[in-house]
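Database features, via TrEMBL:
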SIGNAL    1-19  signal peptide
DOMAIN    38-131  domain 'Link'
DISULFID  Cys60-Cys129  disulfide bond
DISULFID  Cys84-Cys105  disulfide bond
DOMAIN    137-249  domain 'CUB'
Amino acid sequence: MRVLTVVFAVIFVLKEAEAWGYKNGILHNSIWLEQAAGVYHRESRKGRYQLTYKEAKAVCKYEGGTLATYDQLETARRIGFHVCAAGWFDKGRVGYPIVKAGANCGFGKIGIIDYGYRLNKSERWDVYCYNPEAKECGGVHTDQEKVLDSPGYPEDYQDEQICHWHIRVRYGQRIRLHFLDFDIEEDTACLSDYLEIYDSYDDISGFVGRFCGDELPEDFISTGNVMTLKFLSDSSVTGGGFRLQYIAVNSSQLFDNHTDAFF
């Protein structure tokens, strides 16, 4: 029985590998590897690069996790985890994972951009945490279609939340985003609570827009096979949150005569 189980597991892995394939040394496969990685990025509620080493550990511990190790961060990177922001990880080390080389991120390199072990633990960076059970707020998503909710939905979201959802579908596909419900604290410039959409691997480039209030944002279709969503709430006043759906669409279908079937 154990032999049969192993055989079926191997067949499953091979099918997944064939479906997603390798590119630039990275296996782009389905959710089971993404969940196994369990690595996620956090920044301070005050903004980017505001956490000392002690504070970084506290952020991970607060969410039930620990600082990610180098190996855990590299495992996540190999299955598509890409964040252009330096952060603390285990043993006082700082760096960030790069999947796709860019002129403005990673010095044109691919891999863990490693700043090494920092002697000054009062330096301020973001943080990379590890908790394979933490899935409510953000995460990496590779399903062909999925519904994503703000933390606690349909109940009001809590104060002081920062969540990143990284969506990646197969090469040659694009991502259609469709909002089903939307209620985020409104102010003139959406400075308090907001949801941002990025047409890219991270929240550095490809900015699409920042949204708050109770009007449903319009549908959006990515230019490639990746998209990032960032949700932030401040320390006062919340709202009902949001529910949205994304679906992978073959690029060729967007130029077909029946394109409007996807809208």
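Backbone N, Cα and C atoms are what each Cβ position is placed from, and that goes for glycine too.
Caution: TrEMBL annotation is automatic and unverified by curators.
Look at the Cβ of each of the disulfide-bonded residues Cys105, Cys129 and count the other Cβ atoms within 10 Å; the largest number goes with Cys129. Mean model confidence of the domain 'Link' (38-131) amounts to 90 (pLDDT, 0 to 100 scale).
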